Amino acid sequence: MTLQNFMNEAISPWMREEGPDNDIVLSSRIRLARNFANTTYPILADPNQLEEIRDFFKDNYEKKSFQEYKDFSFLPIQNLSAVERQVLVEKHLISPHLVKHADTAAALISENEQVSVMINEEDHIRIQFYLPGFQLNKALEKSFEFDDWLEEKINYAFDETRGYLTSCPTNVGTGMRASVMMHLPALTLTKQINRMIPAINQLGLVVRGIYGEGSEAVGNIYQISNQITLGKSEGDIVEDLQSVVEQLIDHERKARKQIMEQSSKRLEDRIYRSYGVLEYSRIIESKEAAKCLSDVRLGIDMGIITNVSKNILNELMILTQPGFLQQYASKTLNPDERDILRASLIRERLQLEK
Amino acid sequence: MVECQECHERPATLHFTQVINGNKTEVHVCEVCAKEKGYMSYPEDGYSLHNLLSGLFNFDSLKQESNSEGIFNQVKELQCPKCEMSYSQFKRVGKFGCAVCYETFADRLDPIFKRVHAGNTQHHGKIPKRQGGDLHKKKQISNYKTQLRHLIESEAFEDAAKIRDKIKALENDTGNSEAGDNS
Ligand SMILES: [Zn+2]
Ligand SMILES: [Zn+2]
C-alpha cells in the first residue's frame with residue numbers, strides 16, 4: 001500500500017476538515033454514557049444479556065444513517081485482529097476498556113468517523129461525537145439529537161432526581177464528558193501552563209496530556225474536560241469549559257507572540273532543528289517524534305515553515321503510534337523496528353509535501 | 001530498578017493497582033507497554049478518580065465493620081435485588097451493578113455524590129425525549145408555579161392569572177404533547 005492510500009484510510013475524514021480556532025484546538029468531543037433500564041450493567045451482567053444488547057444494535061443500526069452521519073459500521077470487537085483493535089484505540093474511536101471486554105463488546109461507527117458508539121463498555125452505551133476545531137456547542141447539539149434518535153427505541157436507565165444512571169458514580173447525572181484537545185506549545189515552553197492547571201482544576205475541569213503518561217503532555221497536546229456530571233446542565237457544563245478554553249487560546253496566542261518578539265532566532269532555530277530531525281533521522285522514538293512534530297506545527301502556525309500542511313501534527317501523532325505502524329507494516333514489530341519504521345514513515349510523509 | 005512485567009526489557013515507570021472484578025493486582029510497566037497493552041486510558045477512567053472513590057468508600061466501611069457483634073446482632077447486608085450487588089461490594093468496586101442499585105443504596109448515596117460532584121446530589125440536565133414525556137410537563141409546571149409565586153408576591157395579578165391558566169391547561173392535558181411555551 002502506498003503511504004498516501006494508507007493515510008487516507010487511517011485518518012478520520014473529519015480530521016482533515018477546517019474547524020474554528022484550529023491553530024490551537026485540534027478537536028472537540030462530547031461523550032454521553034447511557035444504559036438500558038432493565039438490564040444489569042456490563043460489570044455484573046450475564047454474557048447472554050450483553051450479547052442481546054450487542055445484537056440489538058446490530059439489528060437496528062448496522063448500515064443505518066443518521067442525518068449526515070451515514071452508513072454505520074457495526075464491529076463486534078472479537079471479530080477484529082489485535083492490530084485492528086489497537087488502531088481503533090489509537091484513533092480514539094474505542095477505548096482500551098472496550099478491547100478488554102472483546103467477547104461481548106462492539107462499536108458502531110459512522111462512515112465519516114464523527115460518531116462512534118461503544119457497546120458494552122463500562123456502560124451499555126457510550127456515544128462519542130467528534131468535530132474538528134473548537135465546536136463544543138455544535139457537538140453537544142448533534143450528540144443530543146443522536147441520543148434522542150437512539151432513545152426512540154431504547155428505554156434508558158434514567159431517574160428524575162439522579163438523571164442518567166451510569167455504572168460509575170463519577171458519570172451519574174448528565175453522563176456527559178465534554179472535552180477539547182489543544183496544542184499548547186508556547187504555554188508549555190514558557191511553563192505558564194503549570195500555573196494554570198491548578199486554577200483550571202479549581203473550576204471542576206481536568207487537564208491532562210492525551211499522549212504519554214501522567215501529567216506530561218507528549219507533543220504539547222492537552223485534553224481539557226469536565227469532571228462533574230451531576231447538578232449542572234449539559235449546556236452550563238459546556239459553557240464553563242468553553243470559557244476556560246477561550247482563555248487558554250488567548251493566553252497561548254499571547255505567549256506565542258511574546259516568544260516571537262523576545263527570542264525569534266531561538267524559536268526559529270528550535271523549529272528548524274526539529275524539522276531537520278524529522279526529515280533526516282533513521283530511528284526515532286515516539287516521544288522525540290511528538291516533540292519535533294509539535295515544534296514543526298508551531299512553526300507552521302507562526303509562518304516560519306510554509307511548505308508543510310497543518311495537518312501534519314494530528315496525522316503523524318496518530319500514524320506513528322504502535323498499532324498504526326504495525327498495520328502499515330502488516331506485521332508485528334518490536335520497539336526497535338517500530339522506531340525505524342516511524343522515522344521512515346515521517347520522512348516519507350514530509351516528501352509528500354514537496 | 002523494577003523491570004517492566006510485560007516486555008521484561010525496559011524499566012517500569014508506571015506503578016499502580018488495577019482492580020478487575022474486585023481483584024486487586026499490582027502493575028509495573030514501562031510507558032511503551034502501558035500504551036500498547038491498554039493500561040493507559042481516557043481521563044474518565046483515570047486512576048486518580050478511582051483512587052478518590054476508593055478512599056471515599058473505605059472511609060465509611062469503618063463504621064460498618066464496627067457494628068458486627070456476632071451472628072445474631074449482625075445487620076443483614078444491603079443487597080440489590082436485581083443484580084445482587086451488595087453494598088460492601090459496591091464500596092470496594094466503586095461501580096453500580098444496575099439501575100436498581102441506585103434505589104437500593106439510595107440512603108447512602110448523597111455523601112458519595114457530594115464528594116464526587118462538588119456538593120451536588122440532583123440532576124439538572126437533559127431528560128430523555130420520549131420516555132421523559134411526563135417529566136417535561138412536570139418540570140414545566142413547577143417552573144410556572146415558581147413564576148406564579150413571584151408574580152403574586154409582586155402583586156402582578158394580571159400576569160399571574162395568565163400563568164395560572166397555563167398551569168391548568170398543562171394539568172388538564174393528558175396527551176403526551178410537550179409544553180412548547182417559551183415565554
Ligand atoms: Zn515494557
Ligand atoms: Zn443492582
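Numbers here mean position along the shown chain, with the first residue as 1.
Each Cβ is built from the backbone N, Cα and C atoms, and glycine gets one as well.
Note that the structure is predicted; figures quoted are calculated from it, not measured.
Noted in TrEMBL for the protein shown:
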| type | residues | note |
| --- | --- | --- |
| BINDING | A:27-31, A:HIS92, A:ARG126, A:177-181, A:208-213 | ATP binding site |
| DOMAIN | A:24-255 | domain 'Phosphagen kinase C-terminal' |
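Using a Cβ-Cβ cut-off of under 8 Å to chain B, the binding-site residues A:ILE30, A:ARG126, A:ARG208 reduce to A:ARG208. The average pLDDT computed over the domain 'Phosphagen kinase C-terminal' (A:24-255) stands at 95. Sequence-distant neighbours of A:ILE30 (ATP binding site): residues of the same chain at least 6 apart with a C-beta under 8 Å from its C-beta are A:ILE127, A:GLN128, A:PHE129, A:LEU136, A:ALA139, A:LEU140, A:LYS142, A:SER143, A:MET176, A:ARG177, A:ALA178. The Cβ of A:TYR211 (ATP binding site) has A:ALA217, A:VAL218, A:GLY219, A:ILE221, A:SER286, A:ALA290, A:MET317 as same-chain neighbours under 8 Å, each 6 or more residues away in sequence. Neighbour counts of Cβ atoms within 10 Å were compared for the binding-site residues A:ARG126, A:ARG208, and the top value is held by A:ARG126. Reduced to three states, the DSSP call for A:ILE30 (ATP binding site) is strand.
A:ARG208 (ATP binding site) falls within a strand segment according to DSSP.
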